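Here is what Swiss-Prot says about this protein:
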BINDING   I18, D75, N102, Y168, K172, V201  NADP(+) binding site
ACT_SITE  Y168  active site, proton donor
ACT_SITE  Y168  active site, proton acceptor
ACT_SITE  K172  active site, lowers pKa of active site Tyr
MOD_RES   S260  phosphoserine
Amino acid sequence: MSQGRKAAERLAKKTVLITGASAGIGKATALEYLEASNGDMKLILAARRLEKLEELKKTIDQEFPNAKVHVAQLDITQAEKIKPFIENLPQEFKDIDILVNNAGKALGSDRVGQIATEDIQDVFDTNVTALINITQAVLPIFQAKNSGDIVNLGSIAGRDAYPTGSIYCASKFAVGAFTDSLRKELINTKIRVILIAPGLVETEFSLVRYRGNEEQAKNVYKDTTPLMADDVADLIVYATSRKQNTVIADTLIFPTNQASPHHIFRG
């Protein structure tokens with residue numbers, strides 16, 4: 001049996017919750033799951049931008065008519081809304097099998113001493129606190145059936161800190177530490193905890209970081225070939241479609257011409 005067919009069988013009928021699903025890696029992951037499963041999955045797609053989610057759902061309905069999709073406008077930084085969101089999912093989407101904690105952001109490139117307090121709070125609320133809150137809300141579902149996959153999106157910034165990125169780096173180090181601790185807490189279960197740490201990926205990430213400045217965002221990827229969102233999505237789907245006795249616990253994924261945050265060949 002081919003690897004693709006095995007993956008499709010392992011993913012068939014499963015329900016996956018993806019945060020930050022309206023664009024970038026989240027959107028690509030939704031589509032990659034349906035490609036890998038021949039459309040035989042249920043997707044819960046959560047993000048702030050409902051109109052983008054509805055556009056994605058239309059695309060899915062056309063390309064994968066057998067797939068079931070639930071879209072939800074959700075600001076993951078509003079902690080009080082997380083648990084009710086999970087509890088009030090439609091009945092056919094309640095039995096979540098895979099959680100992809102994808103939502104994340106960076107803001108600015110200020111040095112310590114110049115960073116706005118609200119930016120510090122926003123980055124940690126999104127990248128760390130929300131990820132923990134969603135994991136805590138979904139984990140009882142996994143514990144009840146002794147199975148499930150938790151995928152946390154880390155970053156090379158969570159392994160190799162760099163100047164002018166202190167808050168983002170700190171938040172991603174926190175994600176790595178939380179993921180490692182959680183994996184150890186769940187060692188006596190069949191729940192898999194997976195960290196995917198990308199390097200340079202061309203998405204809306206830099207546009208958000210530089211507050212809509214397109215020129216600054218484009219310069220991040222200038223004269224090099226970054227990863228694309230579907231490259232990371234492919235790895236997420238691969239990791240969650242392995243045999244139950246296997247966990248791709250911690251993976252760093254770079255474009256070919258990158259070796260660290262500031263070792264990127266441009267030419």
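Cβ coordinates come from backbone N, Cα and C, glycine included.
A separation of roughly 15 Å, to the nearest angstrom, links the Cα atoms of K172 (NADP(+) binding site) and the residue listed as 'phosphoserine'. Residue environment of Y168 (NADP(+) binding site) contains 26 other Cβ atoms, counted within 10 Å of its Cβ in all protein chains.
Here the CA atom of S260 (phosphoserine) lies 21 Å from the CA atom of N102 (NADP(+) binding site). Secondary structure at I18 (NADP(+) binding site), as computed by DSSP, is strand. Between the listed binding-site residues, namely I18, V201, the fewest other CB atoms within 10 angstroms of a CB are found at V201. Compared over the recorded positions N102, S260, the count of CB atoms lying within 10 A of a residue's CB peaks at N102.
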